[in-house]
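Worksheet: one structure, shown below.
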Amino acid sequence: MDTMRWQDDHLLLLDQTKLPLTEEYIECWDHVILCDAIKKLKVRGAPAIGAAAAFGVALAALNYTGEDRAEFEADVKKAIADLGKTRPTAVNLFWALRRMEAVLEDIRTYSVKEQQERLIAEAKAVFDEDRAMNEQMGQYGLELIPESAGILTHCNAGALATAGFGTALGVIRAAHRAGKEISVFADETRPLLQGARLTAWELMQDGIPVTLITDSMAAYVMKQKLVDLVIVGADRITANGDVANKIGTYGVALAAKAHGIPFYVAAPVSTFDLSLESGLQIPIEERDTEEVRRVGDSITAPPGVPVYNPAFDVTPAELVTAFITDRGVFRPPYLETLRAMAETK
């Protein structure tokens, strides 16, 4: 099961809106199709969005059939701008686009064909590096997982949310591979049920014991002493350690704090936005109100009832026990340790 796969001249993208019942791939022949897929959550998860966006730039480059370098550059930069408008919160998107644009600037004197080849190679590198970072994160996170641990996770931060292996689920996978007898509670994650549809499915595919719960049950299973730690992913982390992640994460963190349970965030360095001082500066995406009025095709609320549907919330740094990254585990004080992390090679 691949989240995405480059095939010669186009991108195959697993349609996550069809999971867990149907495994169907979308053929992306241009960046416009990819923009639509990102907006509609057919691909989601900050690292996966970043990798997909890099391939979107490669598609735009490949679709140019002329030889005028200025025209080529304009086409690619338009694609970068279009991709940057798809989702505002996940910082990996902008990190990947800046990386692709930097390559474009470096090679602007090359022939169009050479530029196309370099941009495709860079997109593949973004993808491959993300997978490697996730594997590394899993190894660093192993030390934090006790034997026979009960682990609660929210949303989906697995292979589906990345280029492969996963961030939060990558740590869980690493613990499972190491022979630790762990079990997982997966919040269903309303309104789009990423925990129920994706996390539960991923863990079952890997033979990792998982129990699905509604979001409102999280505090109760903690009180019942069924949870030893919480581990989640992230869409953006600021310089002070504030964390934007799927809506509901903040509530889980508060419950973990109240019950004395460690709350860990697993994320690659590309998810850290040290240009922002705190979570107050993170733009929070608001999505279609129908996502809340419906579950799938079923209407579950009175037609026309007002809805508030932020896709993310911000968990304050003081609720985060530690960050698990591809460069190690970082603990408070985050203003110091996260800057040290950024300087680590």
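Including glycine, each Cβ sits where the backbone N, Cα and C put it.
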Note: Swiss-Prot has ARG44, GLY45, ALA46, GLN194, ASN245, LYS246 binding substrate, and from ARG5, ARG87, ARG293, ARG294 that site also includes ARG87
If you measure between the CA atoms of ASP235 (active site, proton donor) and ALA46 (substrate binding site) and round to the nearest Å, you get 5
With substrate as the bound species and ARG44, GLY45, ALA46, ARG87, GLN194, ASN245, LYS246 as its recorded binding residues, calculate the greatest Cα-Cα distance and give it in Å as a whole number. 17
What's the CA-CA gap between ARG87 (substrate binding site) and CYS155 (site 'Transition state stabilizer') in angstrom, rounded? 17
Counting every protein chain present, what is the number of Cβ atoms, excluding its own, within 10 Å of the Cβ of LYS246 (substrate binding site)? 28
